Amino acid sequence: MFLWLFLILSALISSTNADSDISVEICNVCSCVSVENVLYVNCEKVSVYRPNQLKPPWSNFYHLNFQNNFLNILYPNTFLNFSHAVSLHLGNNKLQNIEGGAFLGLSALKQLHLNNNELKILRADTFLGIENLEYLQADYNLIKYIERGAFNKLHKLKVLILNDNLISFLPDNIFRFASLTHLDIRGNRIQKLPYIGVLEHIGRVVELQLEDNPWNCSCDLLPLKAWLENMPYNIYIGEAICETPSDLYGRLLKETNKQELCPMGTGSDFDVRILPPSQLENGYTTPNGHTTQTSLHRLVTKPPKTTNPSKISGIVAGKALSNRNLSQIVSYQTRVPPLTPCPAPCFCKTHPSDLGLSVNCQEKNIQSMSELIPKPLNAKKLHVNGNSIKDVDVSDFTDFEGLDLLHLGSNQITVIKGDVFHNLTNLRRLYLNGNQIERLYPEIFSGLHNLQYLYLEYNLIKEISAGTFDSMPNLQLLYLNNNLLKSLPVYIFSGAPLARLNLRNNKFMYLPVSGVLDQLQSLTQIDLEGNPWDCTCDLVALKLWVEKLSDGIVVKELKCETPVQFANIELKSLKNEILCPKLLNKPSAPFTSPAPAITFTTPLGPIRSPPGGPVPLSILILSILVVLILTVFVAFCLLVFVLRRNKKPTVKHEGLGNPDCGSMQLQLRKHDHKTNKKDGLSTEAFIPQTIEQMSKSHTCGLKESETGFMFSDPPGQKVVMRNVADKEKDLLHVDTRKRLSTIDELDELFPSRDSNVFIQNFLESKKEYNSIGVSGFEIRYPEKQPDKKSKKSLIGGNHSKIVVEQRKSEYFELKAKLQSSPDYLQVLEEQTALNKI
């Protein structure tokens, strides 16, 4: 087993070392397609984690696509080989860090896509080496901070997309050296945009996206309001909606006045101070060291009451334009928008980028969508908020297939029929806030496959049916705040990749984590404030879930309302044991990993969350291999044990432990012989010494202490079998003067022997015998080898007989031989020879 593990680890190490030196042609790993002499290299989902090991393609210009790979960190010189790349896609890589110099070598790069990653900061050295960059996309990340000078080297940058991040402010002069024409900062946490240091450097912008930020409509927002009012009509600027203070919540910034923004009068008149020469936008240094300016000093001025600043400059009042900026703005202002039909009570304007129509029917006392006559063609945005619309029919949006934004907020809508929006397949933003909707069900949102932003706040929603949001696979923002929700169905968010969720000011006493909150895998912001949280055991799971989230995801802290002793206390300040005393009786599991398993209690019982994610495939394969090897090893050991245990002699002999006797089978057979009855062989001679030989030859290797044993006879008689060695010792002590006699020897050994004892072939008695009978019992040895010599029978007795039986075919012949009278001298010689042995 250990050998297998060693071999596997060695193979992995060797393969790793080999990979570090291998350089592969990129078109052998990725797909390369040439379109109009431009090569497109697609390395999506090919498990690339070291692009510097790939050889660049043989092409003057090419586009690189490294989406959906394992590029968690970009190290210096990662793309050093790709000097002719004009675009680079790095989206969906879970990219967390970009080290300085990672893009060195990409001198020809024009477009960089970093969307859908986990970046938290853009450093000053992040974009070194890509000074020719014109397009930068970094949306749907976790960016909180942008360091000063992050874009200082990007003099040609025109498009910057930073929407749906966690940016709360923009540093001073962040866009000073860029040439931005498109800026998207939607879906962040920006509350204000100062003119000095930010807005003054984006005078050439033609599109600015400001939506979905918590704008603080106070005195700090006066510079932005003044700047927006002075922008020309053909420049698209997204709506900035006030979130604070509460009396201006939901109001458009452009609809507010200075008195509402700044009631105390402080800063009500927006002034632009004179900037020092170092901060002048267009200037250069002469050889004498003096600064020459191509634009006038910014004077501290106040726009006159009778003059419309927008007619003068196109930029905020007090800022004189350079010739370049002025010519650009004039070209936009002199462009005549196309003539398109516009509904009578509404105001329409054309979007400069795609010539789409923006229809503004806000607060026109419209009671039905059928009043919009004539219906606008090619409408991209439709604002009908602030009216008295009560019902919405299926036919109301039949001619609005190209809508990108639909605003139905602040009406009196109570019920929305099914399939109302089924033909709005291009809709990305839907506002239904400020109505009287009580229930949501799946049929309402059928057809909204591209919807990204859904606003349902300030309604009377009490119930949301299961699967309501499943038809919106691109939904990223959902506002359900200020409703009457008490619970959410299980898996309500499983079909929507929500990044921002607002559940503030509802009736939630607790929210289940399992099946509801744990489905929010792409969450970047959640607001749970203002709910009557019941700080008991049911809320422990929510508390643990909130604590695991990264900093800044939860907008505001959760406060308890019940029980009374915890009222107005922040949930995070209470320990789990205080919320749920039952946890004191349960031993807490030690934390052995950064993401331990968490046990909590819900109304359905204790639930245990999984410890951080799925097991890597390599570890899983290695574990299965180890288990397989251990199983084979254990099975082999069991097999060997069973075979060795079963390897035993086939026959055992009772009382005899020597394996030499393995071929001998003893059979005891009882004989009922009377003492006064003579056997049929009573006339035969008997030599008692053969009993000793038999005892020696059939002890089968017993120990010395076991060589002498007794056979008990039923009447109580005993036959003693002595060892030959003991017999020889006894013979040595016999008096030499004693006459050698067979009869005397027999009398000495068997004092009460029978006279009808005879012997024949004494020397052959050493050979094997068929059977041995002892005192009424018969010991048989089965005949297995036919080639053995004839066996002899030995019988001795006094009240018991020792019988050695032969086969029936030999019995009569042996009996005939034994009936002849024995030669005394022959017997004497054999006895003498035996004693010497």
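Note that Cβ sites are derived from N, Cα and C of the backbone, with glycine treated the same way.
If you check Swiss-Prot, you get these features:
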SIGNAL    1-18  signal peptide
TOPO_DOM  19-618  topological domain 'Extracellular'
REPEAT    60-81  repeat 'LRR 1'
CARBOHYD  Asn81  N-linked glycosylation site
REPEAT    84-105  repeat 'LRR 2'
REPEAT    108-129  repeat 'LRR 3'
REPEAT    132-153  repeat 'LRR 4'
REPEAT    156-177  repeat 'LRR 5'
REPEAT    179-200  repeat 'LRR 6'
DOMAIN    213-264  domain 'LRRCT 1'
CARBOHYD  Asn325  N-linked glycosylation site
DOMAIN    333-375  domain 'LRRNT'
REPEAT    378-399  repeat 'LRR 7'
REPEAT    402-423  repeat 'LRR 8'
REPEAT    426-447  repeat 'LRR 9'
REPEAT    450-471  repeat 'LRR 10'
REPEAT    474-495  repeat 'LRR 11'
REPEAT    497-518  repeat 'LRR 12'
DOMAIN    531-582  domain 'LRRCT 2'
TRANSMEM  619-639  transmembrane segment
TOPO_DOM  640-837  topological domain 'Cytoplasmic'
Three-class DSSP secondary structure - Asn81 (N-linked glycosylation site): coil
Tertiary contacts of the repeat 'LRR 2' (84-105) (same chain, 6+ residues out, Cβ under 8 Å): 56, 59-78, 111-120, 123, 125-130
Same-chain residue ranges lying at least 6 outside the repeat 'LRR 12' (497-518) that approach it to Cβ under 8 Å: 140, 164, 187, 212, 457, 473-488, 490-491, 524-534, 538-539, 541-542, 544-545, 562, 600, 602, 607, 609
Averaged pLDDT score, the repeat 'LRR 1' (60-81): 90
Set of same-chain residues at least 6 away whose C-beta sits under 8 angstroms from Asn81 (N-linked glycosylation site): Pro51, Asn52, Leu54, Lys55, Pro56, Gly105
Residues from the same chain, set at least six apart from the ends of the repeat 'LRR 8' (402-423), whose C-beta lies under 8 A from its own: 250, 356, 362, 378-394, 396, 429-438, 441, 443-448, 455
DSSP-assigned states of the domain 'LRRCT 2' (531-582) in counts, ordered helix, strand, coil: 24 helix, 8 strand, 20 coil
Per-state residue totals over the repeat 'LRR 9' (426-447) - DSSP helix, strand, coil: 4 helix, 5 strand, 13 coil
Positions whose Cβ lies under 8 angstroms from the repeat 'LRR 11' (474-495), at least six residues beyond its ends: 140, 164, 187, 212, 433, 449-462, 464-468, 501-509, 511-512, 515-516, 519-520, 522, 527, 530
